[in-house]
Amino acid sequence: MHDAVTRPTPPSDATSWPRRQTHAVQIGGVTVGGGKPVVVQSMTNTDTSDVASSVKQVAELWRAGSEMVRLTVNTVEAAAAIPRIVDKLAMMGIDVPLIGDFHYNGHQLLTAEPACAEALAKYRINPGNVGFGKKKDLQFAQLIEFAIRYNKPVRIGANWGSLDQALAAKLMDENNHREQPWDAGRVLREALIRSALDSAEQAVEIGLPRDRIVLSAKVSGVQELIAVYRDLAQRSDFALHLGLTEAGIGSKGIVASSAALSVLLQEGIGDTIRISLTPEPGQSRTQEVIVAQELLQTTGQRAFTPLVTACPGCGRTTSEFFQELAKVVQSHVREKMPMWKIQHPGAENMTLAVMGCIVNGPGESRHANIGISLPGTGETPAAPVFVDGEKKVTLRGENIAQDFVALIDDYVERTYVRNAG
């Protein structure tokens, strides 16, 4: 049994961590691990058997930038719906890998609906509830055999909310015989890690190649998640899926996920992520995708859309116009990005600044590709615009927002070469 976790050594320049080397796993048209960029995934909350609602939500998540989407497969009706969902998405021109989330009865569902097994791009199996007692190994093997038959990858996802109780009891008993027993939390973390690793090795013994296995071991505490994944990363070369199992609602969920995942990502740990936010009433499910993208972008992992820097405001910025302009600019670049991604590759790396007064406005604007310094209280009613560090023009009047957005569009057209294809 592994007794200690060695914290990774930071790089000498303290700016970037080498990515952990893992097997590359092909999931539909997406590659996870093997040094590829960290992949964003999400999960629906529709009744999967409701094909129309599920297709609509998958499409929304995909348009927001989700590169894989997981759906609950908990009934025969849900399993039967999966091929129809895939077909309807294909008719819409959406080719996003769908992941089937199985608990308790996955072996029965795939036996009853083999078309589901073929249509899914990946299966998620929870080793804590795939079966109990003598049935566990048999039912786990049945699921792995479906993956082998249809050439599908599997995520073996352990979760401390549904931990393998037999394994936990065994490790607790072993711990009682230690000269220096671990605390209960450490034993449970070890049980979670062992559950994932032992199940992965069992899958390999059955015949599933290592490059078709992704692991996860989720908890809901920030420090626990960091400890679990550092250990899991040291003890295997499987691709890893990161995420808190229940991050929470609103800002708490965003902060908790960011606090945990940013540490691991900066250490080169993690090949795919999901931000498990509880949506607020009326809030779009796509929020979890946007947060995942922003987390990867702010930690320097990937670029999805131009970053907009804006000052927080103070007594010098009594006008709300700079706040309104920052919102307009952010919405504009998000709206334009799908087209820019095709026609102007590289535009996602552009940086923008919307500043509210003379204190930091000109300096911050010079650091951006395009920046505007709006007048603060008592300042001259003029807004200088800087392009690549040089003052280009001063905007005045009622149309500053429209004029600044037009300058952004012009910059993209001139700077990022149009892809004629």
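First residue shown is number 1, and so on along the chain.
Glycine residues also receive a Cβ, built from the backbone N, Cα and C atoms like all the rest.
As given in Swiss-Prot:
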BINDING   CYS311, CYS314, CYS357, GLU364  [4Fe-4S] cluster binding site
REGION    1-20  region 'Disordered'
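For the binding-site residues shown (CYS311, CYS314), fewest C-beta neighbours within 10 angstroms: CYS314. Cβ neighbours within 10 Å of CYS357 ([4Fe-4S] cluster binding site), excluding its own Cβ and spanning all shown chains: 23. A C-beta separation below 8 Å, combined with a sequence spacing of at least six in one chain, links GLU364 ([4Fe-4S] cluster binding site) to THR309, CYS311, ALA353, MET355, GLY371, SER373.
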